[in-house]
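Data first, discussion second: the structure below is written as structure tokens.
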Amino acid sequence: MKIERKILLNPGPATTTDSVKMAQVVPDICPREKEFAGMMKQLRDDLVRVAHGNLEKHTAVLFCGSGTINIDICLNSLLPEDKRVLIVNNGAYSTRAVEVCQYYGLPHINLEFSVYERPDLSVVENVLQENPDIAMVYTTHHETGTGILNPIREMGAIAHKYQAKFVVDTTSSLGMIPFDIEKDNVDFCMASAQKGLQAMTGLSFIIGNEEQIKFSKKYPKRSYYCNLYLQYENFERTGEMHFTPPVQTIYATRQALNEYFEVGEEAKFARHKRVFEAIHSGINEIGLKSVIKREWQSGLVVSVQYPEDPNWDFEKIHDYCYERGFTIYPGKISTEDTFRICALGEIEVDDIENFFKVLKAALNHYNVTLPMS
Ligand SMILES: *Cc1c(COP(=O)(O)O)cnc(C)c1O
């Protein structure tokens, strides 16, 4: 079976291999069978390995849902009664965590920084010093809205100095940028299958400290469906998800993990970096500008300023590229008009070169003039 190849330059879901796509086509199975439970156990252990966790200390808990379910679950499940969470917020995804706190009525501090910059860690430390009731520090590793990579290792060390848990949204970095849960001072990280692992949508997972999950049994239960301890306890007791898992997505994730370990963390990271460099070369060549300081960029997402030409219309350019197999995505910076070109997924430098040929043709077609075109 030949599946048409599409180049997704949006920030996830990502372009997948055909072998991952085809892994979803399996004989019908009831997920309550031992065979399926055995596969999930192996999958959970392998996810801990992706984060370089220690199977004696760390565990992975699976959920059926998109990545946002992890943000919801970590915040509502891991905060003790009468304690506060400090959200170190320099972008759209940490703002989402603030909204989760608002919806659950969780006591929180929204420590906002410019979306164009990395957070100032001395300010983070001051807030922790002045507020001993902070039990959790939460941030986003790679702010997918801008492409900024945050200094989690240093932030985690500060959180731990004040006896706070450190919970990090690693949805758009895990499996792409080398990460070590222990060395990076992280207690809980999270992702979903369709980003770094290049699998399908519908499966999300939280990887973290097993003792802390057990301890959270005593914390207030704020959600029935989205509680970390309840799902963990169910997995440990029965080997199964509490409710119906996304069966075919789990088969695809199994295949994606095999391919991930075959390639290896460093080689995969090197490929993403090559693609990222090719994106920068492409935008430089036609005179487009990225908005984030280069040394703060993750290497996975480039936020590009809209050209000033009045003939520029993102929708039209998007459609022109889309019809030719390339998907670009609007930006997520409320104060500035940007779009994003991302290096996630199973793509290579020649895909980016082909994309820029199409983009140039689109700009010509709509008479958009750029400084260098
Ligand atoms: C993609 C992403 C999420 C999850 O978004 P969903 O739309 O729920 O899949 C969460 N955090 C970050 C940083 C992301 O990039």
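Cβ coordinates are placed from backbone N, Cα and C, and glycine is handled just like the others.
As recorded in TrEMBL:
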type: BINDING; residues: ARG340; note: substrate binding site
type: DOMAIN; residues: 32-337; note: domain 'Aminotransferase class V'
type: MOD_RES; residues: LYS195; note: N6-(pyridoxal phosphate)lysine
LYS195, ARG340 as recorded positions, winner by CB count within 10 A: LYS195
The residue listed as 'substrate binding site' to LYS195 (N6-(pyridoxal phosphate)lysine) - Cα separation in whole Å: 16
